[in-house]
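Residues or ranges marked as region 'Disordered' in TrEMBL: 23-57, 124-240, 607-648, 700-720. Taken from TrEMBL, the feature compositional bias 'Low complexity' applies to 47-57. Marked as compositional bias 'Basic and acidic residues' by TrEMBL: 124-148, 165-177, 607-631. Residues or ranges marked as compositional bias 'Acidic residues' in TrEMBL: 213-231, 702-711. Summarising the annotation, TrEMBL assigns repeat 'WD' to 244-276, 345-387, 402-426, 440-474. Look at TrEMBL and you will find 637-647 tagged as compositional bias 'Gly residues'.
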Amino acid sequence: MERSESRRLPLLGIEKPSPARFAGAVLIPSGHGRSPYGGRRGEEASSRSAAASSATSSCREAGAVVAGVVLGKRSLGLEQPGMEGDAEAVAGPDPELAATMGFSGFGKKARTFDFNAMFEQTRRTAVERSRKILEEREKEAAEKELGCQHEAAAATDSHPMARTSSRDSDSSESKESSDEELIGPPLPHQGSAEDSDNELIGPPLPPGYKGSEEEEDEDDEDENIQEEEEDPVKKIPDSHEITLHHGTKTVSALGLDPSGARLITGGYDYDVRFWDFAGMDASLQAFRSLQPCECHQIKSLQYSSTGDVILVVAGNSQAKVLDRDGFPVMECVKGDQYIVDMANTKGHTAMLNTGCWHPKIKEEFLTCSNDGTVRTWDVNNDKKHKGVFKPRSAQGKRVIPTSCTYSRDGKLIAAGCQDGSIQIWDRNINVHTKFHCRQAHAPGSDTSCLTFSYDGTILASRGGDDTLKTWDIRHFKTPLNSVAGLPTFFPMTDCCFSPDDKLLVTGTSVKKGHGNGKLLFFERESFKKVYEIDVTDASVVRCLWHPKLNQIMVGTGNGLAKVYYDPLKSQRGAKLCVVKTKRKERQAETLTQDYIITPHALPMFREPRQRSTRKQLEKDRLDPMKSHKPEPPVAGPGRGGRVGTHGGTLSSYIVKNIALDKTDDSNPREAILRHAKEAEESPYWVAPAYSKTQPKAVFAEVESDEDETDDKPEWKKRKI
C-alpha cells in the first residue's frame, strides 16, 4: 500500500512533509536499519547517507529543520509505533513548515557524532592521565626513599625508572593519537607482578596522601602511645600547676563536679569557696565564699552524681545540702540525744565525720557520726533518715565510724571504725555485715579514707596508723598490699585511684619546718612507689584525680589548693583560666561637687568656674592671709613679747595638777537665798500651778516634839 504524499498533524495543524521535499536529506541509520517511512524510501535514504560528508549547506539546514520536527513529534507523543530506534532524517528547508513554526532556519551545520570513537578517545585519555599521575607519585616516593635509605639507592632506582621509560613511550603515542582535552576520571593503577605489596591499588589517593616518612612518624607516635599505656607514670599530669589561695588554715575538703567546671574548697576556717575554671582569669579568685555551718569546721564536700547539689559535712550533727550557687536546699534533722538506742532517733546526735553521695541514685547520700551510726538520707525528706547501720566491735559494743563510702555500683556500704576494723554492709540489709575485717588497722586509730577502685573489686584504706592498704572484697581477711611509714596528722587524709586504675595516690603529713608534704604514687598491683610530687612545706591532706579532666587537685595544711595538669594530657579545667589575662582593677569612685555653668547669668548668681588643684594652690600662695605660717608654740620661758604656755612641759603640767586648789568655801544657804527675791517676784516652776486653785499658800503644820496624847484611838496613833 502506497503512502500519501502529505498528511496533516492533528495537534500542530501542519502538514507532514512528503519524501519529495527531503531531496538531498541525510539519513543516519540506527540500530534497526530502517528509515521512518520504510520500504523503498528507506533504502534510498540509506544510500544517500553514504554521501553525507559532501552534502550541501542547504541540505544540512533542511536536515536541521526536519530533525526539529522529529524531536517535536517525539516530545508531543506523535511518533508512530515502529518508528522508535529508526534513523533520524536531516532534510532541506520547507517554507510552509518554517512559516508555521515561526523561524526561518538554524543557520548552523548539523554535526554528526560517532559515540564509539568518542568513548574510545575518552578511555585513552583517562588511561594516559592516570599513568602520568602515578608516574609523578612514584618519582616522589623514590626520591624520598633515596634520601632516607642510601644503602638501597640502586635497587630502589631501577624499577621506577624502567616503568617511567615505558610509560613515557606509551604517553608519546597517546599524545600523537589525540590532541583534545583530557576527559573523564583517572583510571586505577594496573598492578603487576613486579610491584611491591606496599604499592597502592585502586583509584588515585586524595591530596593528603602521606609518604613513607610520615608513615614512619605515625608508627613512632603509635609506639610512644603504646609505651605510655604500658608505663602509667607517663600519664601523670604534673608538668604545670596553679595555686588557689583558700585561706590561712587547713583545706580539709575538696569537691569537683562531674563535668569538671567548678571546684569547691572547705577548711578549718569554716569557709566554703567556689571556683569556676571557665569564669576565672589569671588572678585565680573565687567567685563566692560563705560559711554554711557557722562556726564548725568543714569535714567533707562532694557534688552529687548529676552535679546540681552539694553535700556539706561539718563538725556539727546536721549535714546540709546546697545548690550549685551555695543556697541551702535541705538540712538533716537532729536526733534526740537522750535516747539510748540510736536506731530509734531520727538523726545524728553527735559530731559528723564524713559523708558521700550515692553513685547511681542522685537523691541519696550517706553520713557517719560519733554517735556510732552510719545513716542514709533522702534529699526530699529532711525529717528522718532513710536507713541506719550500727557498726559493732568484736565484743558487740558500739564503735565510732570515722569514714564511710559507697561501692562503685552503690550496692555496698563500707565504714572504717576507731577500733581498726572495716565493716561492709549490703545496702538493703542493715542487720549484719556482709564483709568485715577486725584487724584492718591499729585499734584506736582513725581510718581517714576508704575508696573503691573503678572496677569495684579493690578497696583502698588510709589508716591513722600511717599505713595504706588494699583489699580484695572477695577475700577480705588479709590485705593484698600494704605500705607503712606514711605519716598522717589529719582525720581526713585522702587516697584515690588513677582513672586507669593502675595507680594509687595519697598524701603525707609533715610538721612545720620539717620538710615538704608529698603526693605519692603507688602501683596498684605491686605497691611499688613509682613517683612523688613535692607539693609545699605543709601537710598534704586532700587529693582528688578527676577522670574526665585528667587533673589532680590537692588540699594542703597551709590553706592552699593546688591543681596539677598537663596541657597535652589534660582537658579544660585549669587550662581555661591560665590563658586569660588579669582584669584591670576598677578605680575607686569619688564623689565630686557638681558645678552649674551659666555664663549668661548675672554676676551675683554666677558660680566660679572649677579650676585645677595646682592653679588653686598657686593662687592661694599669692594671698598673704592664706600663705601666713602660724607661729609655733613657745616652749620654756616666754620670748619676743609672748608668754610661755603654762603646763607646756611635763613638770609644769604635773605641778599644776598637784597644786590645783579645789576647795569650795561658799555657803550653800546663802547661795540659795541669793535667788529668793527673784523667785518671789517672777515665779516660774511651782507657784504658777497653784495661782488659781490655791492663791494663798498652805504649808504643813509644824509638829511639836511632845508625845502624842493617849486619848487618840489606836488606829490614829503614829506607829514607830
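Backbone N, Cα and C define each Cβ position, glycine as well.
Away from its own ends, the repeat 'WD' (345-387) comes close to residues 299-300, 302-306, 308-309, 311, 313-319, 321, 329-337, 339, 398-410, 413, 415, 427, 430, 491-492 of its chain (Cβ-Cβ under 8 Å, at least six residues beyond either end). Taken through DSSP, the repeat 'WD' (345-387) splits into 0 helix, 19 strand, 24 coil. Across the repeat 'WD' (402-426), DSSP assigns 0 helix, 16 strand, 9 coil. Assigned with DSSP, the residues of the compositional bias 'Basic and acidic residues' (124-148) fall into helix, strand and coil as follows: 25 helix, 0 strand, 0 coil. Across the compositional bias 'Basic and acidic residues' (607-631), DSSP helix (H, G, I), strand (E, B) and coil residues number 10 helix, 0 strand, 15 coil. Mean model confidence for the repeat 'WD' (440-474) is a pLDDT of 92.
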